[in-house]
Amino acid sequence: MRINRGILKTLYNVVNSVGAITILLLIIKVLGFVKVRIIAELFGVSRELDIFWAAFTIPDTIFNVLVAGAINAAIIPVFTNLLHTDESKLKDVFKRLTLVYTLFFIVISVSLFAFSNQVGELLISSDSLHKFLGTSDGISLENVRLFSNLMRIMLISPILLGASSLISAYLQAHRRFFTATLAPLLYNLGMIIGSLILVKFSKLGIYGIAWSVVIASAFHLVIQIPEFARIYKSVPEKWTAKFAKFVSHLFSKEILVVFKLALPRIIGLLGEQVNVIVNTIISFTLSAGALSAYKFALSLHLFPVQIFTGAISQVVLPKLSEEHAKGQKKAFMRTFNGALKQTLFVILPISAMILVLRLPLVRLAYGVGAFDWWATIITSWCLALLAISIVAQSVVAIILRAFYAIHETRLPLIATFVSIVVNILCGYYLTNFFSHYWDWRPILAQIVSQLTYIDGKTLMQVLWSFLQDTFRWMQTRNLSDASVGGLGLALSLSFAAEMFVAGWLLQKKIKVFSWKYTYRPVFKMLLNTVLMTVTMYYVFKLTDFSLDTTRTLSIIGVTLITSVYGGLVYVVGAKVLKISELDIITQKFITIAAPMISTIKSVFRMGRDESKK
């Protein structure tokens with residue numbers, strides 16, 4: 001049957017539209033949850049899975065720092081510029097950059113492969129750290145060997161993902177967004193299929209997950225090759241002459257420009273990965289399963305940041321860059337504050353919902369198989385303390401886009417450095433503090449219960465005594481599963497520090513914050529969120545007591561009733577407080593959805609007309 005060209009053209013417009021890409025991104029995140037849920041089902045919160053996450057940290061750090069940071073900051077802009085000036089040079093630069101990255105990854109992977117045991121001893125079994133903390137790690141030689149084997153398998157992943165990401169950049173420069181966005185979807189599918197086949201059916205255990213990472217990375221690469229092959233056509237040339245010319249100009253001007261543009265972003269991402277590595281090291285001084293609980297909570301809390309904040313920050317960067325280039329300071333300020341307020345309007349209620357509904361959310365997301373009730377409790381505890389950071393992370397993302405728009409890449413590094421210091425210090429002291437959870441919680445509860453009738457002098461004495469105990473608890477380590485909460489709160493405080501420092505530096509550089517455009521509307525949003533949180537909490541407690549929450553349907557009911565009620569309270573509050581972002585976001589949703597729905601309808605209509613012929 002011959003397909004009408006009009007249908008094909010319309011379909012092409014649909015799959016490359018902003019709406020389609022947004023839906024695809026949402027599907028990717030949902031599949032990401034399915035992937036993590038399967039891992040939770042298979043291994044629960046266990047020491048074995050802790051070791052996998054620790055081993056995964058190394059290849060993940062290599063990729064995130066060296067490739068992910070360079071793609072948006074340097075590679076895509078350089079590729080796009082060359083596409084419009086000299087396409088043959090673009091192909092040449094692509095080949096050279098691919099060779100440089102591949103060789104670099106191979107050298108790093110081979111080096112880490114050779115010293116994998118030493119890396120394992122540093123990351124999961126540091127004798128000096130345990131001596132300093134006064135703890136015993138419970139890590140055996142077999143655990144270190146397992147770490148080494150898992151890391152060696154997964155070191156194949158950054159090589160494949162590096163090549164795949166360069167192809168993605170090439171496709172995006174040619175405006176082939178759909179295929180480039182499809183790659184992460186296939187990555188998650190690869191992880192899901194690999195985990196089910198290699199772990200559940202082939203009984204490879206934790207090694208099955210490691211090989212799934214490699215399979216997923218291969219999927220990420222292979223799905224893009226057909227589209228890449230269609231648009232990439234090289235001129236035939238004798239291979240000896242081509243190779244000699246290629247090597248002699250390996251580090252061309254364009255390659256050096258890529259590295260120069262990428263360097264500040266790479267340093268910033270390296271700082272973020274330092275936090276990841278530090279938290280991994282600290283987690284192995286805690287009880288078995290601590291790192292797994294932290295990772296599961298981290299995955300849940302990142303969902304709104306990646307979906308909503310990621311979308312808004314991507315859209316706002318080109319506009320901010322254009323306004324800065326034209327010297328439109330007032331327009332820049334309005335655009336920045338508009339993006340900030342729209343982000344906060346969406347993120348604040350989501351953070352509140354995660355905080356109130358942490359237990360049912362964790363149970364619904366992971367509560368199956370080996371993920372038992374204890375795992376649910378400890379993960380939800382960590383999620384509650386991570387939920388605080390969602391707002392700070394979102395604000396930091398918008399502030400960073402403002403820095404990039406004014407071509408300032410050094411000042412954000414100061415904020416990143418402060419964030420690292422805060423995370424390291426808080427990670428140590430707060431894990432100690434929360435390890436004494438059952439020591440200080442009853443004391444704190446007693447102080448709160450006596451506030452109504454205790455006199456001022458006695459209250460000050462009690463508080464001073466509690467403060468002295470707090471300093472003592474922060475300097476000693478006890479045995480408690482609650483200590484993992486220290487990692488969550490440390491990350492939240494580090495992002496809060498980064499938010500305040502980055503905001504202050506941006507305000508010093510270019511005036512963007514004001515009472516009218518920033519502080520007053522944000523204060524109204526915060527007030528609205530507090531009212532929503534309080535009412536949600538009481539509704540949650542009421543439904544929790546009324547329904548049998550040992551059953552999945554009851555948990556879904558509690559979650560839906562509480563979240564819908566909270567959402568209604570937030571919308572009504574926004575109307576009463578005259579928060580303009582409600583109307584703006586509603587209109588934006590209609591604007592994005594309407595053309596896409598109209599296009600899909602036209603496809604079906606054209607297809608129906610074609611079939612009648």
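For all residues, glycine too, the Cβ spot is worked out from N, Cα and C.
These figures come from a predicted structure and were not determined experimentally.
What TrEMBL says about this protein:
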TRANSMEM  12-31  transmembrane segment
TRANSMEM  51-76  transmembrane segment
TRANSMEM  97-115  transmembrane segment
TRANSMEM  150-170  transmembrane segment
TRANSMEM  177-198  transmembrane segment
TRANSMEM  204-223  transmembrane segment
TRANSMEM  339-361  transmembrane segment
TRANSMEM  373-399  transmembrane segment
TRANSMEM  411-431  transmembrane segment
TRANSMEM  479-502  transmembrane segment
TRANSMEM  522-540  transmembrane segment
TRANSMEM  552-572  transmembrane segment
Same-chain residues near the transmembrane segment (552-572), Cβ under 8 Å, at least 6 residues beyond its ends: 349, 352-353, 356-357, 360-361, 363-364, 367, 528-529, 531-533, 535-536, 539-540, 543-544, 582
Take the C-beta pairs under 8 A between the transmembrane segment (97-115) and each of 150-170, 177-198, 339-361, 411-431, 522-540. Which stretch has the highest count? 150-170
Counting Cβ pairs closer than 8 Å to the transmembrane segment (373-399), the top stretch among 150-170, 204-223, 339-361, 411-431 is 339-361
Honestly, do the transmembrane segment (204-223) and the transmembrane segment (150-170) touch, with at least three Cβ pairs under 8 Å and pairs 6 or more apart in sequence? yes
Tell me if the transmembrane segment (522-540) touches the transmembrane segment (339-361). I count contact as 3 or more CB pairs below 8 A, with pairs 6 or more residues apart. yes
How about long-range neighbours of the transmembrane segment (411-431): same chain, 6 or more residues beyond its ends, C-beta under 8 Å? 133, 264, 267-268, 271-272, 274-275, 278-279, 282, 285-286, 396, 399-400, 403, 474-475, 477, 483-487, 489-491, 493-495, 497-498, 501-502, 505-506, 509
